[in-house]
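Asks: Please see the structure below; I have some questions.
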Amino acid sequence: LHSSFSCSLTQPVTPELLVSPSSQDGDLGSECPEDRGNWTGRLDFLLSCIGYCVGLGNVWRFPYRAYTNGGGAFLVPYFIMLAICGIPIFFMELSLGQFSSLGPLAVWKISPLFKGVGMGTILIVSLVAIYYNMIIAYVLFYLFASLTSDLPWQHCGNWWNTDLCLDHHVIKAGNTTLPVNITNTVSPSEEYWSRYVLHIQGSSGIGDPGSIRWNLCLCLLLSWTIVYLCILKGVKSSGKVVYFTATFPYLILVMLLIRGVTLEGAWKGIRFYLTPQFDHLLSSKVWIEAALQIFYSLGVGFGGLLTFASYNTFHQNIYRDTFIVTLGNAITSILAGFAIFSVLGYMSQELGVPVNQVAKAGPGLAFVVYPQAMTMLPLSPFWSFLFFFMLLTLGLDSQFAFMETIVTAVTDEFPYYLRPKKASFSAVICIALFLMGLILTTEGGMYWLVLLDDYSAGFGLMVVVITTCLVVTRVYGMKRFCRDIHMMLGFKPGPYFRACWMVLSPATMMALLIYNIVKYQPSEYGSYRFPTWAEVLGILMGVLSCLMIPLGMVVAVLQEEGTLWERVQQASRPTMDWGPSLEENRTGMYVTSLAGSQSPKPLMVHMRKYGGITSFENTAIEVDREIEEEESMM
């Protein structure tokens, strides 16, 4: 017995199952699970969080959302929602991860009854990782296409162009004084995107994917290879890559911004972006849009923050990091708006149309409008390459986080088997997700991408975040959670955080969820409407992640003993090895509950698992009382 305990003492490890799976006969295993590892540099964690939060959405969703929801006035609900939903939930996720040093599945030792929340998270993240890497593949495609002296989407007259194609260079060269009617025309960049890159004319809809586009398939393979190489050694390797991927986009963004504001007509676009329309603030839609932007931009609920924090040292100041990352993310979004709209203003002046006719959101902005604007600049391939390189670095570090979340969650569940083989396991996950993503490389792949984008992280993600919030504050207990943070950081969260966790954040999320369901609109791509079966499939994607919660409850209750109510009560309490992973960080009530601290508690876990003690609760209370009495007598 002692050899197993001394092994735990000499090598600080994450508290895992006391019994190794190799010793099914009931002997305590003499092996220890391999060490989880930590960040190697001081800035690894902070830069990884910034890289994770600052993604493609900051560039292609925020500026468009701002201008459609009241321009400068949108910043009012945006910062209010950041304070109510963004910062508190961000801090809660980081606290849970850092306190327990566990991934998004094993962290539910805090209340095993709700382990399904962790399973739901992993399902959502896996679906998002599949299509997010396809977007990175499109970016790589354009990046390679920019390595020419003449951008391929600059002119009409290629095999993929139609009669509707209208080249703005021709209009300018013709120097026509008559206004050109561009309503029924298509830009070369739009035809390049839809007819050459996607080859969407080869598919009649989502039910008819057509053949695989091999150039896209190779780009997807390349993007998965890059992601795998960067997460090969877990946070030790990805923590180094983010020094480049998290900082370099800022350099390019500033270059694009300076280039943008020096263009003729730039102020037209910026005025359009920031002119406040305060009447919009009376509409509930604007507040919901602000909350959604915060929610998705910070990446709460995806498990990435929790995973990154779990590799921190126990006393890392995540309170400070929370404010740096959340405010930095907001400022980046606003800055990106200037870079985008200054170019759109110039473009609208060149084409002689209002800004709102050229402004788009999502892939339309990144792959149609902005590339078209690039062709109007001198040195267009250079600016195009820079723009797509920025999108690549923005996308990659968010994808690292998704992959790290999946890998960490599963390896923490099976530390003995998987931790030593983490590199091979990461490869298996990458290959599996690559194969699942192959449908996105077909001619009708864009329809599947839109479906995944609309449904994979919709209401399912909100249910996950609301449940996490309620479990931590109501089931585990606000007092206890604040005491844990006090142990870790040396101070308790103030009334602002407590009020948000107890009432404001869950209430806002509930409002978001209800609004999403009430205002539900079927997916569409351009003029294409999705068939009913595709809608049902999408809704099932969201429902499946929610169903994981009751499923997890059933499993947890079946593993307990006693009447149904006793089982529920036992399953909702933290497990005996819940708490800080290292012996030196376990103080107060956590002192004697770690496998390896020379106390009877770990034995009880063992006996309960293999017979001997049926009701372990009473024994645990007795042991606690004995320890308290011994301490008081000393």
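A Cβ is built for glycine as well, from the same backbone N, Cα and C atoms used for every other residue.
What TrEMBL says about a protein is an automatic prediction, not a curated fact.
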Asks: Going by the disulfide annotation in TrEMBL, which one of Cys165, Cys217 is bonded to Cys156?
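Replies: Recorded disulfide partner of Cys156 in TrEMBL: Cys165.
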Asks: Taking 3+ C-beta pairs under 8 angstroms (sequence gap of 6 or more) as contact, is the transmembrane segment (423-449) in contact with the transmembrane segment (241-258)?
Replies: no
Asks: Pairs 6 or more apart in sequence, C-beta under 8 angstroms, 3 or more of them: is that satisfied by the transmembrane segment (382-402) and the transmembrane segment (117-144)?
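Replies: Since 3 or more Cβ pairs under 8 Å link them, the transmembrane segment (382-402) and the transmembrane segment (117-144) do come into contact.
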Asks: By a Cβ-Cβ criterion of under 8 Å, what residues six or more beyond either terminus of the transmembrane segment (290-311) are in contact with it?
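Replies: For the transmembrane segment (290-311), the far contacts come to 36-39, 45, 48-49, 52-53, 55, 57-58, 61-62, 65, 69, 74, 77-78, 80-82, 85-86, 89-90, 93-98, 100-104, 107, 118, 121-122, 124-125, 128, 235, 318, 325-326, 329, 333, 398, 401-402, 404-405, 408-409, 457, 461-462, 464-465, 468, 508, 511-512.
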Asks: Between the stretches 117-144, 241-258, 455-476, 538-558, which one has more Cβ pairs under 8 Å with the transmembrane segment (75-96) than any other?
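Replies: Comparing 117-144, 241-258, 455-476, 538-558: 455-476 has the most Cβ pairs near the transmembrane segment (75-96).
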Asks: Which listed range (241-258, 323-347, 538-558) shows the maximal number of Cβ pairs under 8 Å with respect to the transmembrane segment (455-476)?
Replies: 538-558
Asks: Applying the under-8 angstroms CB criterion, which one of 323-347, 496-518, 538-558 scores highest with the transmembrane segment (241-258)?
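Replies: Between the candidates 323-347, 496-518, 538-558, the best contact partner of the transmembrane segment (241-258) is 323-347.
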Asks: Apart from its near flanks, which chain residues at least 6 from the ends of the transmembrane segment (496-518) lie with a Cβ under 8 angstroms of it?
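Replies: Contacts with the transmembrane segment (496-518): 81, 84-85, 87-89, 91-92, 284, 288, 291-292, 295, 458-459, 462-463, 465-466, 469-470, 472-473, 478, 481-482.
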